[in-house]
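Since the structure comes first, as structure tokens, the remarks are kept for the end.
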Amino acid sequence: MIFRLGDFRFPDDPARLYPDTPDRPWVLEIGFGDGRFWPHYARTFPEPPNYLGVEISGVSLLKAHRRLKDAGLTNAVLTKLPAEVLVAQVIPHGSLDAIIVNFPDPWPKAGHEDHRLLRVPFFQVAASRLKPGGAALLTTDHDEYFEFACAQAEASGVMRVERVGPPPAALETKYAQKWRDLGLGVNHARFVPTRHDPVPNGTFAPYSEEDPAVPHAVLTLPADFSPQHFDKLTVRGKTWTVVLLDLYATLRRGGWVALAHVVEGDLTQEVLVGITEREDGTHLVRLAKFGGPIITPGVKAAVGAVTEWLEGQGAVVKHRGY
Ligand SMILES: C[S@@+](CC[C@H](N)C(=O)[O-])C[C@H]1O[C@@H](n2cnc3c(N)ncnc32)[C@H](O)[C@@H]1O
């Protein structure tokens, strides 16, 4: 099954994600590519564990989805997201049996280490998300990244590094085959948590139409409010950047819609903020459902930015709910 970020809870519950197999082990694979690993690895268990796969490539997502379907692996959830967002926001403390990372992008150029997944912050969150007895498994052809990842795991203070042989399934992926054809070897490590300090999930919330928590404001617009142009506007907070890109008039209900680009760490969302007239003549500024937004501090700030832009145009705010 393919999940969007908005289909998850924050944190989610494996029993909700896998209602037919809630008692099986839970394995997360990061950067599954075309999905060759899981059919091989799942076969090494008496029953296929519950699988959560995360990828940033949409093409890979569709290829892997077809592969898992053809293999009859139904207790599998695939999602197109940066792994960092999924691990930090969706996965509960102490819930995973394994985290698998096969041939992660090595970011080999000097100065690009910050783009690497396997750094201290990742290991700290991973140690929280793994169950006692669980481990993160890395297989890579890239010697320098391998040493870097082992050093980062040690530096995290929450992982023990075991340099052991890879599971045979890790040698069946597309990239494993590519490097094997070039005559290159692989490195493998198990990162075993030595501590399980909880790293709290964030403050994300799903969008629910009736929920009063949907960010909004109520205001009175000046009688002559009729914007003819809109200049792009950027607002920065500690953890987010909001860019109000444009404002559109809506024809069906009267009113306007602002398009906002919201960046918070690894997560980017494009959201719409509606400005609609209410029966009493005031206007409601509210995050729109369109596009399946997640309610985050940055998205609340986008509603705030639209409200404050309207104040700059002479609106008087009666209520702020963001
Ligand atoms: C070198 S490929 C390896 C693919 C596959 N594991 C294999 O062995 O054939 C790395 C994969 O990681 C994915 N990826 C890179 N950064 C990611 C991130 N932050 N979250 C999830 N996937 C990511 C890429 O899209 C790519 O498919």
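A Cβ is built for glycine as well, from the same backbone N, Cα and C atoms used for every other residue.
The active site annotation in Swiss-Prot covers Asp105. For Asp105 (active site), the same-chain residues lying six or more positions away in sequence with a CB closer than 8 A to its CB are Gly31, His115, Arg116, Leu117.
The feature S-adenosyl-L-methionine binding site is assigned by Swiss-Prot to Glu29, Glu55, Asp105. Asp105 (active site) falls within neither a helix nor a strand when secondary structure is assigned with DSSP, and so counts as coil.
Secondary structure at Asp141 (substrate binding site), taken from DSSP and collapsed to helix, strand or coil, is coil. Feature annotation from Swiss-Prot assigns substrate binding site to Lys109, Asp141.
Residues from the recorded positions list (Glu29, Glu55, Asp105, Lys109, Asp141) with a C-beta closer than 6 Å to any atom of ligand 1: Glu55, Asp105. In this structure, the CA atom of Glu55 (S-adenosyl-L-methionine binding site) is 19 Å away from the CA atom of Asp141 (substrate binding site). Cα of Asp141 (substrate binding site) to Cα of Glu29 (S-adenosyl-L-methionine binding site): a span of 17 Å. Across the annotated binding residues for S-adenosyl-L-methionine (Glu29, Glu55, Asp105), the two most widely spaced Cα atoms sit 14 Å apart. The two recorded residues, Lys109 (substrate binding site) and Glu29 (S-adenosyl-L-methionine binding site), show a Cα separation of 25 Å. All protein chains shown were included, and the count of other CB atoms within 10 Å of the CB of Glu55 (S-adenosyl-L-methionine binding site) stands at 24.
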